[in-house]
Amino acid sequence: MDKLGGTPLKTQTNPPSPRFSSAGIEAARQQCLALYGARRPLAHIHSYGCQQNVSDGEKIKGMLAEIGYDFTERREEADLVIYNTCAVREHAEQKLYGNVGALKGYKAKNPGMVIGLCGCMMQQKPVQERIRRSYPFVDLIFGTHALQNFPQNLCEVLRGRQGSPARVFDAEEGENVIVEGMPVRRDGSVKAWVPIMYGCDNFCSYCVVPLVRGREVSRRPEDVVAEVRGLVEAGYKEITLLGQNVNSYGKGLDEPCDFADLLARICRIPGDFWVRFMTSHPKDITHKLLDLIAREEKLCSHIHLPVQSGSDRVLREMNRHYDRAGYLEKIAYAKAVIPGVTFTSDIIVGFPGESEEEFLQTVDLVREVGYASLFIFIFSPRPGTRAAGMEDPVPAAEKSRWFAQLQEVQRAIGSARFAGLVGQTLRVLVDGPGKQPGQMTGRDEHGTVVVFAGEEGLGGQFVQVKITEAQNWAVAGELV
Ligand code: SF4
């Protein structure tokens, strides 16, 4: 019984996640001292692909900074080069192999160079085999599930430098394990990325992500809120919550907490800051979430909601679990409750077997929604996915024509939107100097690029800008 005589409330909590151990950092630091003496070695880290990868890259940099590395943009002068790879598109993979091949020459001139590869591509067995066989100068491979082992693995490679060369491969398949407290070295001081979950359970037929990143697991809400609170207190003004499908956040937590609940808790953190999130799956976005965006000033009124196709048949083949009408119902609801809401989206053109008529259904949907911007991709078959085995009679030239046609449609929609902004006053978070002397650039809550005349000291601040001109990729205005 509680003091008021009622039944005590049952409180559920989520068991704490394992904490990152700094033992590997210390061991790697000792190895660095033995190898490089008083000189701080240089690392060059490059992340390909999505923001999740960029966020992982920030953790790698965080661990390296604690080990004692400085960073360089010039890979040729680096003691350690790490490419954090992306498996989502074939083009990115081919580019990666080209870039890794180029490192052979640098290593010939600098035999002490350590080369590491990590990220989604390294979770794929055929890729591991290819690297093992054809790229003997690569010293270290680690997959997305082994990020927390990086310091120990690096230490082992460095130890090998003093005797026989050691190659370390740590890319086994496995469950996603959340490790809290990993060091992070963020790329900026105004905008921060905060992963709230890892993996994906959706198995869209074209997508390799569930095969390489594993099943969904969510961070505890208290850990996410604590990280965001720390960032806001450190002066960050824009927080982007990351997950492959943020709308299904909360699966497996002992304490019930869905994505809207998490956002509501984040919005209660004191301070003047914006919150964004990506990526949303249309099947899981709820009216509860849209109502929250309508109420909460800290939540940007911009939603990235990838539709992929406007054809019901293609959506079924993609295994997306929504149809055109269901998608448009959510868009209509959001437009009704959130004043000025904008949408962006991803679209795949040339999915196997897509007809011209089905493509035109996508064009029609794009016009109906009126997206602020689109990421348009030509279908790229990924090994191991269902779509890779589908018959694909559409010629590449046809796909390219559709791609250009959709780009043109979107360009016209974007221009009309920009023209409509002239005369409005926008709240803008200033990124920094623009291309012209005396010019500053920033973005509004919808991601619109805004340029204006202003002092460099405005970087990282919110300002009001009255829009006077629509340009091709930005709008221009004057400080109010
Ligand atoms: S929701 Fe679909 S497209 Fe997005 S990561 Fe998961 S499987 Fe891939």
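Every residue, even glycine, has its Cβ placed from backbone N, Cα and C.
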Further [4Fe-4S] cluster 1 ligand in TrEMBL, beside Cys86, Cys120, within candidate set Cys50, Cys155: Cys50
Any further residue of that chain within 8 Å (Cβ to the Cβ centroid of Cys50, Cys86, Cys120) of the recorded [4Fe-4S] cluster 1 site: Tyr48, Gly49, Gln52, Asn53, Thr85, Ala87, Val88, Ala92, Gly119, Met121, Val209
When distances run from the Cα of Cys86 ([4Fe-4S] cluster 1 binding site) to each of the binding-site residues Cys200, Cys204, Cys207, the nearest one: Cys207
For the [4Fe-4S] cluster 2 site built from Cys200, Cys204, Cys207, further residues of that chain with CB within 8 A of the site's CB center: Asn202, Phe203, Tyr206, Val208, Val209, Pro210, Gln244
The domain 'MTTase N-terminal' (41-159) - residue tally per DSSP class, helix then strand then coil: 70 helix, 23 strand, 26 coil
Most crowded position, judged by CB atoms within 10 A, among Cys50, Cys120, Cys200, Cys204, Cys207 as binding-site residues: Cys120
Cβ neighbours of Cys86 ([4Fe-4S] cluster 1 binding site) where a neighbour is any other Cβ within 10 Å: 22
